[in-house]
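Scroll down for the structure; my scribbles are underneath it.
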């Protein structure tokens, strides 16, 4: 084997594990008076008061520096019942109550929103009720209003008919229940399931925000989660969307999603929750009780957590670099960007694939290993040595191999492939991978299917007049 | 149960393609692998007819298969290229000796001329000597920095136009993750380029950029190509090992992950207003460098002065020290000259 050092990338300053600090009787590094109660980044001891000052300042500056909120604006807080979003709610509550004259009070009007995901997690009605009761109780404790909605409504075209009650929730049977179960049941891999859940949940929260007339939503993921999601996004080909998926603001859906907890690592959230007296419920996820290689999301999150314990700069390094990144696709204003060029599922701009790119390489590998040499006569290539082989189109419907030359009958692949290729034309690279694993895409929300049909027809129109377009 | 080749050629499949999970027969796999490399070469316009190409040959699987495939494609599609093998002998007993034997066999079998350049020739030090000086903790820094320049210098000596290396898709994916974890934004962007280093140094290309490591091994296995598989006797970079393990785990979960990571890497761009280190030329040796003096020269100077650890870690400090000394020297020369006149 070749040397494992890649000369192109040699570490100028190789990551070094920080030496352990002896913490017995350490004094707070900030006030230099009190005995430290917490240790951050393995080297910085803080006392309780100084830690809270530091945390509150960080929270407020994360929100403040983005200038994302208007005075007295209504904001939805997505509250799962977990530690991270629980701490977010509590920090906001304290920020609103804050009366020390020197400091500026936080001025916006929060309402909580909770998505009941119990259905796809196979929880019993009783277990679901326990969680939602907890959410209702927490909202009451903090003096905020709360709306709870069940996940299956993500399949509804809109929420106009939904009975949405403030501060109360009943699990009621709905027409979307079995559709959602079947949709998730048809997904081949856990990775795709988790990605689909992210997309559909974002859709549901957007629908809720629209129905409740809120333009902004706070989400609760912390730095550790987001660092894992960053690597997970890279692992699923979502390079162009890093800024949206990890950054403070995500405005792809029209509703603005903000992540005020993004600068706290797991450990800081735990301290915060402890000092603030935050109650939480233990929330199962799709990958609960499964090993660390259950899905890409789970794998990368465990990877980050393990690496962080040995190299405490891991998460902050990932954050620093992701804040410097943007999409390669020209920054288009969503309003003047043609809807056709946005991904149906995640509403990101669809990447253009050049002849020499990974997405083309992926596509031709699949075409080549299904069509073989006879499908692509090599003479074609020989005529232009060292010249481009020609644009490879993604919409190419791969013709079926000689395996199914049954005359008269429709080819075995075409009907199914037709749906597949229609989807692939309206999705970004990342969502395309996810949808490849969804075996019954016809169960997706009806608006998606309508838009899909519309775009396919437009595509046909465009092709027929292509030669006249300048 | 007999599985037929998924291309429908009628032959029995002998392998499952790591990249797409399709079952293929030997010939269809060869064809697919070669045609994909051909596509990478032609679509990126990697080579121009008449060029002299130096193939960085380590004796390992990647460079052995690269030499074989490049020769084959060059003949099949009339690229009009002249190929030479270029090996760097780092001077590591028990590692390089054996793999150099394998490169020499490649030379005979493929009939491609071979040149071996050693660190000893280029820098006056073998890796074994360097390890004696610096110990086994930071030696990889020396080896990596020196190797990058050594290939370049060797290719210039041989009057080559371009260098082709055997870096495969796994390497590229690993490098993307590595640069993310290390926060190295400039390299994160550069590492997905098709052609690198064309400014000041020779251009470098990776024809296997989209080829999976496992497919390279399968190709070598079925073509019965001989290569030398061994780990370097000196410990490899532990941190890179994490990125490598992650790539392998991701690939196990979803076979297209490697190419998906590269796609993600290709889609990344740097926000406006983010400062990047400027690339210039080393004032000492003329090689591309982001500092006034390149890393190799600083490392070498440290070695020659008996202070090998000078440039490990904070290179700016070492650089400042070197520059101060040079200024002093220049000043003293100036006074001597003034004295004389």
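Using the three backbone atoms N, Cα and C, a Cβ is placed for every residue, glycine included.
Annotated features, as they stand in TrEMBL:
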| type | residues | note |
| --- | --- | --- |
| BINDING | B:56, B:57, B:58, B:62, B:88, B:166, B:171 | ATP binding site |
| DOMAIN | B:53-231 | domain 'tRNA(Ile)-lysidine/2-thiocytidine synthase N-terminal' |
| DOMAIN | B:281-311 | domain 'Cytoplasmic tRNA 2-thiolation protein 1 C-terminal' |
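Positions of the features from TrEMBL, shown on the structure.
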residue : record           : DSSP (3 states)
B:56    : ATP binding site : strand
B:62    : ATP binding site : helix
B:88    : ATP binding site : strand
B:166   : ATP binding site : coil
B:171   : ATP binding site : helix
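Residues B:56, B:57, B:58, B:62, B:88, B:166, B:171 are listed as the ATP binders, and the farthest two of them sit 20 Å apart at their Cα atoms. A distance below 8 A between C-beta atoms marks B:58, B:62 as the binding-site residues from B:56, B:57, B:58, B:62, B:88 lying next to chain A. Note: residue B:171 (ATP binding site) has non-local neighbours B:213, i.e. same-chain residues 6+ apart with C-beta under 8 A of its own C-beta.
Annotation for residue B:88 (ATP binding site): spatial neighbours B:56, B:58, B:116, B:117, B:118, B:119, B:147, B:150, B:151, B:154, criterion Cβ-Cβ under 8 Å with sequence separation of six or more. Sequence-distant contacts of residue B:57 (ATP binding site), defined as residues of its own chain at least six apart whose C-beta falls under 8 angstroms from its C-beta, comprise B:63, B:64, B:67, B:85, B:86, B:87, B:103, B:106, B:114. Counting Cβ atoms from all protein chains shown, residue B:58 (ATP binding site) has 24 others lying within 10 Å of its own Cβ.
Counting Cβ atoms from all protein chains shown, residue B:56 (ATP binding site) has 25 others lying within 10 Å of its own Cβ. For residue B:62 (ATP binding site), the same-chain residues lying six or more positions away in sequence with a CB closer than 8 A to its CB are B:166, B:167, B:168, B:208, B:213, B:216. Within the domain 'Cytoplasmic tRNA 2-thiolation protein 1 C-terminal' (B:281-311), the DSSP-based counts of helix, strand and coil residues read 14 helix, 3 strand, 14 coil.
Note on residue B:166 (ATP binding site): other Cβ atoms within 10 Å of its Cβ, all shown chains, come to 24.
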